[in-house]
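Straight from Swiss-Prot, the features:
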- His272: active site, proton acceptor (ACT_SITE)
- Arg177, Arg183, Asn216, Arg247: substrate binding site (BINDING)
- Cys67-Cys72: disulfide bond (DISULFID)
- Cys408-Cys420: disulfide bond (DISULFID)
- 1-40: transit peptide (TRANSIT)
Amino acid sequence: MGLSTAYSPAGSGLVPAPLARAARRRSVQVRRPRLATVRCSVVDAAKQVQDGVATAVGGGAASGNECFGVFCNIYDLKAEDKTKSWKKLVTIAVSGAAGMISNHLLFKLASGEVFGQDQPIALKLLGSERSFQALEGVRMELEDSLYPLLREVSIGIGPYEVFQDVDWALLIGAKPRGPGMERAALLDINGQIFADQGKALNAVASRNVKVLVVGNPCNTNALICLKNTPNIPAKNFHALTRLDENRAKCQIALKAGVFYDKVSNVTIWGNHSTTQVPDFLNAKIDGRPVKEIIQDTKWLEEEFTMTVQKRGGVLIQKWGRSSAASTAVSIVDAIKSLVTPTPEGEWFSTGVYTTGNPYGIAEDIVFSMPCRSKGDGDYELATDVSMDDFLWERIKKSEAELLAEKKCVAHLTGEGDAFCDLPEDTMLPGEN
């Protein structure tokens with residue numbers, strides 16, 4: 001049932017192979033769309049019930065879209081009572097979509113694990129010319145998985161096409177740090193990627209798009225991205241620090257001898273680097289302060305803190321590669337925290353824009369802080385948090401690092417010439 005395709009890097013798109021051969025015989029030009037689209041349209045449920053038929057979605061040159069296999073049909077949903085409660089289609093863009101993190105994440109998104117079992121989604125996958133064949137493989141696996149909520153899959157290499165009208169942008173793709181590469185050079189190279197993606201989001205995405213930056217250094221990449229999107233609110237941008245929060249919860253649970261779900265209100269403050277601050281002062285175990293349960297202050301201040309900060313490096317030594325599955329899980333957790341009401345008295349960690357924050361943290365950077373959500377995709381900062389000298393001193397150290405990174409990328413944020421002075425290398429090994 002699938003449609004065979006021929007890929008032309010020069011055209012940056014896909015052309016059905018039979019059409020390409022026919023065009024050569026007739027000496028005519030076949031239009032090459034820049035996006036290859038796999039589509040199973042969500043149509044009005046009431047109309048489907050009334051018509052009771054499955055019809056083909058227009059494809060190829062006639063409609064400007066191409067479909068593959070089962071995604072070419074509009075399906076009869078009259079036997080599905082749940083169709084009446086299905087929500088409006090949510091469109092999600094994922095960059096670095098052919099990578100290991102995405103390989104775990106995309107199937108969680110398609111299954112309904114993230115947005116719910118009544119939420120149809122469309123996936124728009126961004127890659128490069130080099131990864132395009134791998135993207136086709138990802139598309140094929142998604143098709144073969146028969147997810148009923150997955151209504152469209154598009155693959156492409158241009159952010160202006162892939163980001164068109166998206167509701168969520170999960171920016172995973174970034175250049176890895178090569179041997180001997182200075183951290184300042186990595187900031188510049190990846191900063192240019194996120195500046196370009198920010199401009200594309202600003203031009204074509206939904207005005208209320210939610211952006212989660214995963215590619216490292218994610219805090220400063222998120223700052224660069226939001227500075228290049230004047231038409232999108234700065235509060236819509238997040239840097240992923242949920243994996244760090246999950247790691248901290250794990251260590252507290254292991255030390256206390258409880259299950260993970262008993263641990264709450266664990267905040268990661270600051271940068272996604274070894275200057276991050278896992279906050280045990282405000283954390284709770286079964287509603288009680290952690291320091292009442294774990295009375296070993298030396299362990300909390302030293303071993304616990306360093307274990308969380310260096311977890312990524314230890315993992316790559318053991319596993320031989322950086323975390324992928326746990327990163328995908330943390331992306332799921334981060335999104336669910338924004339689309340699900342936060343339980344009363346609890347909060348979660350995410351890197352957000354600091355301007356207007358109540359803690360005294362420097363403004364105009366992206367800094368991980370404790371947040372709550374009403375489940376509408378937005379958030380508010382938690383205000384009922386405690387500070388002591390130990391916590392505040394470490395927060396200021398991470399703040400200083402982010403301010404230094406900001407100076408390194410001033411040329412990408414519209415703030416003049418860059419000046420980079422990063423004497424200490426605090427990148428997370430294997431996660432850069």
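Quick reminder: no glycine exception, Cβ is built from N, Cα and C everywhere.
Look at Cys420 (disulfide bond): DSSP puts it in coil. Set side by side, the binding-site residues Arg177, Arg183, Arg247 differ in how many other CB atoms lie within 10 angstroms of their CB, and the most is found at Arg247. Rounded to a whole value, the Cα-Cα separation of Asn216 (substrate binding site) and His272 (active site, proton acceptor) is 8 Å.
In the three-state DSSP assignment, the secondary structure recorded for Arg177 (substrate binding site) is coil. In this structure the alpha carbons, written CA, of the residue listed as 'active site, proton acceptor' and Cys408 (disulfide bond) are 17 Å apart.
Comparing local CB density within 10 A for the disulfide-bonded residues Cys408, Cys420, the maximum falls on Cys408.
Spatially, by CA atoms, the binding-site residues Arg177, Arg183, Arg247 include one closest to Cys408 (disulfide bond), and that is Arg183. Fewest other C-beta atoms within 10 Å: among the recorded positions Asn216, His272, that description fits Asn216. Across the residues annotated as binding substrate (Arg177, Arg183, Asn216, Arg247), the widest Cα-Cα separation comes to 24 Å. Across the structure, Arg177 (substrate binding site) and Cys420 (disulfide bond) place their CA atoms 17 angstrom apart.
Between the C-alpha atoms of Cys420 (disulfide bond) and Arg183 (substrate binding site), the distance comes to 10 Å.
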